[in-house]
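K.L.:
Dumping what TrEMBL says about this protein:
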DOMAIN    94-151  domain 'CTLH'
REPEAT    265-299  repeat 'WD'
REPEAT    310-351  repeat 'WD'
REPEAT    522-557  repeat 'WD'
């Protein structure tokens, strides 16, 4: 924290008074004893200017502002500047009594520091006792370190124990005397090294009021708060934090939302039903009615080209799922089989199927060692990678056409168990919770943190559910069109601050997640948009899959249209088309 441990800034001061802190030419400092009555030691306000305020709103107290800047200067290592500011403003960072107290801590004058602390005049007696406990505990440790066992025991019995602060901690300290390799540390030396004297000052700072000891990095904290508030108030915020500046108030325009077609992928021969970016954002997988899946590779310029075309399914491919490490991919044929592929080679590693019912969905466990699939007989099956069936959950667990998700820790399995209900099934405890809607559920999508669920409904609404604890509905999104097909939505953008969805009117819809406001409706496709996927590593890249047999990649409007992509050609509008070219 700050610069306390390296060079304590509070002790390098201009001379406050004939009995205050005196800065030394070598950069060190000393504190002269403060004489006079005990009333001279009271922590009186440092204000030399009354309650003078600065700023246009009249809410910033000048004295506090100057002290916080001074503290920041010392913490940043600008000791001369800090001292000059104290001298020129006439506002000391700390009072003479606080400087005395801090010097006593650093010098190891424990009894004197406790006396000074009690004379400061703090109203919170519990804070004084807690601070005294930390000081005397440090005294105890250092006595033990110097092998003054009886003195340490006396300090524990007559000084620490009467404070009645923490009986468990007192027992731990007692064990240090009985056995130096006790509960607190592996040796006496380790125990003492747990907290150096400067570190003790940092711990005391957390107990004492900030008017007495300004918290470390207080100015940085205030500035960060201001930036975060600006970021949260920005409806279109979708830029990285490194792009924010202190020089001007932060505001993102719509140009931070991917709304311009940067590339059209045309390698499928029929409707494209599903797209999903890999977790690292380096690949995009697509699934099509043409019974193929394609792995697309994202290059350094943001262009996509075919890496592998995956053939082998006998029926249309309805969905895909990336392994946790993005090295393998699952593809699911429509009521057929699930296939596992090696992403680097394009080789099929395993086929998962059962006699009788077809497989309708697929998902990975977070460990990457097992997969799940939903079956057409409404059961859910768990498989090891080698194809061995590990467990099966019978009954009304999933529907004929159903999404399947697993929470981040692998604890809960999510599936559509009835037309209007989603099952949250605890794999270990077998406990079941439900999300129940008034309308038929067509699809759902889980947030990256596994805390929220997007649910697409038959009535052309998308509902956002908080699924921590008892599920509760928190937001609704409207305007997209859905009447006949399964339309999928997704979370996306920086911190998943946006919601995107396909639509049967050939457009891609984007809403602000928290406000529910519709931000964009993106035209371009000539058929229903079945699925969308936002690149998790690039908030400025969005993919959409359509019945028009294409995948559109959406980027920012300020995109450099001169960038060239492999296996692509450019039309007069600056849109890059990729028809596959040579397969790699």
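Positions of Cβ are set from backbone N, Cα and C atoms, glycine also.
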K.L.:
Go ahead and report the DSSP secondary structure tallies for the repeat 'WD' (310-351): helix first, then strand, then coil.
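P.N.:
For the repeat 'WD' (310-351), the helix, strand and coil counts are 0 helix, 23 strand, 19 coil.
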K.L.:
Count up the helix, strand and coil residues in the repeat 'WD' (265-299) according to DSSP, in that order.
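P.N.:
Helix/strand/coil tally for the repeat 'WD' (265-299): 0 helix, 19 strand, 16 coil.
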K.L.:
Counting by DSSP, what is the helix, strand and coil composition of the domain 'CTLH' (94-151)?
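P.N.:
Secondary-structure breakdown of the domain 'CTLH' (94-151): 46 helix, 0 strand, 12 coil.
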K.L.:
By DSSP assignment, list the helix, strand and coil residue numbers for the repeat 'WD' (522-557), in that order.
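P.N.:
Across the repeat 'WD' (522-557), the residues distribute as 0 helix, 17 strand, 19 coil.
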